[in-house]
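J.: Would you mind keeping the following structure in view while I ask a few things?
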Amino acid sequence: MQTGSPGLVGLIMAGRAVAGLGIGAAAPVIPVYIAEVAPPSIRGKLIGFFEIGSQGAQMLGFWVNYAVNKTISPDISAQWRVPLGLQLLPGAILLAVLPLCPESPRWLCKQDQWDKAEKIMCDIRQLPISHPYVAKELREIRAEVEFEAHLNSINPGFKGKLKDLFKKGIRNRLAIGLCLMMCQNMTGVNIITYYSPRIFATLGIQSTDLKLFATGFYGVAKTIGMIIFSFWVADHLGRRKGLIWGAFVGAVPMLYLGGYVMKNDPEAKAAAGETNMSGWGYLAMVCVYLYGVIYCATWQGITWLYASEIYPLYLRSLCMALTIADERLWSYVVSRATPYMISDIGYGTYFFFGALMVCMGFWAWWCIRETKGIPIEEMDALFGAPHAAEIEDDFRKKEEA
């Protein structure tokens, strides 16, 4: 719809809406699928690979825009058709490899397909069914499925699941997931991702080519941040420490950007013909990239990882749907507010988001529990759901009997 449009803005917007529906449907499924099939010890790293791919594609998009602007004349429609058409490639690749992906064993158990689940679990873990690790994992899944069946018999249907969202040990997890997605957007990342040319203009860069070139390196910085997240932060530093340090350290470059713009007003100087950037200006550019690295190494990856692993199996789809909807809502709010903030309060935009990041650091210190290395079936006990230990004990007693 977008690529084939004869230049009609309405058709392009309709195409964007359809693409948004597809992305919105796929976005919650991928991290949940990875969390369900991954061993706890490398769950963070594997979800990090998903984020690396996401940020890498975004980086590629930045450079495509730069290349198109440099090589294709704005007088022909190919300048906007090429970037839009390239969006078809990732979807085609995903569609081609989906048949190679095994179904989630946890989902199969929920559908009472235990034989198939056991076979896939053995294939994924590369261990025989008799191995203690596989036996323990299947036992924990069975305990959770039995408890879910019990809950469904008490509160059947969708209305029953809505009631369960407010139960002890679940409502706090949903609140944390919703707050995480709100905070992720309130870090201010989207003011650079969505409006990078405008942001670089406030730092004194006026040329369109230079703005797109600088934006391309911002994509590189974010991809580097995701690599750091995958190989160190997720399963070594941990979720809780990553969020705390990411908020406090990430606030520093954001606050510096506000101070630099407040003191020097580089956009006005550049508009007046003063194009020479000072050393402080180059440091401001470095802060943009440093912020991208810090954000992606912490808040970008950890929020999706944390949300995908904390919810109980029978409510995971519903909770993730609410969490993703919340993320999209705040992304929309921030993206709509940003142009007005830049125009009306200028440097205050950076101070606003920098101050919010400091507040997020204290919130993470107070509210986030460490989930590194903890099996998904043990999240109930970690977050105060009273049934988790009882189900495991009952199942062991049945086995012994």
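Any Cβ shown, glycine's included, is placed from N, Cα and C.
Source: prediction; values computed, not measured.
So TrEMBL says this about it:
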DOMAIN    1-372  domain 'Major facilitator superfamily (MFS) profile'
TRANSMEM  12-34  transmembrane segment
TRANSMEM  174-195  transmembrane segment
TRANSMEM  215-234  transmembrane segment
TRANSMEM  243-262  transmembrane segment
TRANSMEM  282-306  transmembrane segment
TRANSMEM  313-333  transmembrane segment
TRANSMEM  345-366  transmembrane segment
J.: Where does the mean pLDDT land for the domain 'Major facilitator superfamily (MFS) profile' (1-372)?
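T.: Value for the domain 'Major facilitator superfamily (MFS) profile' (1-372), mean pLDDT as a whole number: 84.
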J.: At a threshold of under 8 Å on Cβ distances, which of 215-234, 243-262, 313-333 pairs most often with the transmembrane segment (345-366)?
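T.: Looking only at 215-234, 243-262, 313-333, the most contacts with the transmembrane segment (345-366) come from 243-262.
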J.: For the transmembrane segment (174-195), give me same-chain residues lying six or more residues beyond its boundaries with a C-beta closer than 8 angstroms to one of its C-beta atoms, as numbers and ranges.
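T.: The answer is 58, 165, 218, 247, 250, 254, 288, 291-292, 295, 299-300, 303, 306-307, 310-311, 319, 322-324, 326-327, 330-331, 333-335, 338-339, 341-342, 349-350, 352-354, 356-357, 360, 363, 367-368.
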J.: Six or more residues beyond either end and a Cβ under 8 Å away: which residues meet both conditions relative to the transmembrane segment (12-34)?
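T.: Hits for the transmembrane segment (12-34): 1-2, 5, 43, 46-47, 50, 84, 87, 91, 94, 101, 104, 304-305, 307-308, 316-317, 320-321, 323-324, 328.
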J.: Short question: which residues 6 or more past the ends of the transmembrane segment (282-306) have a Cβ under 8 Å from it?
T.: 31, 35, 43-44, 47-48, 50-51, 55, 176-177, 180-181, 183-184, 187, 189, 192, 199-200, 203, 214, 217-218, 220-226, 228-230, 233-234, 239, 242-243, 245-247, 249-250, 253-254, 256-257, 260-261, 266, 360, 368, 371
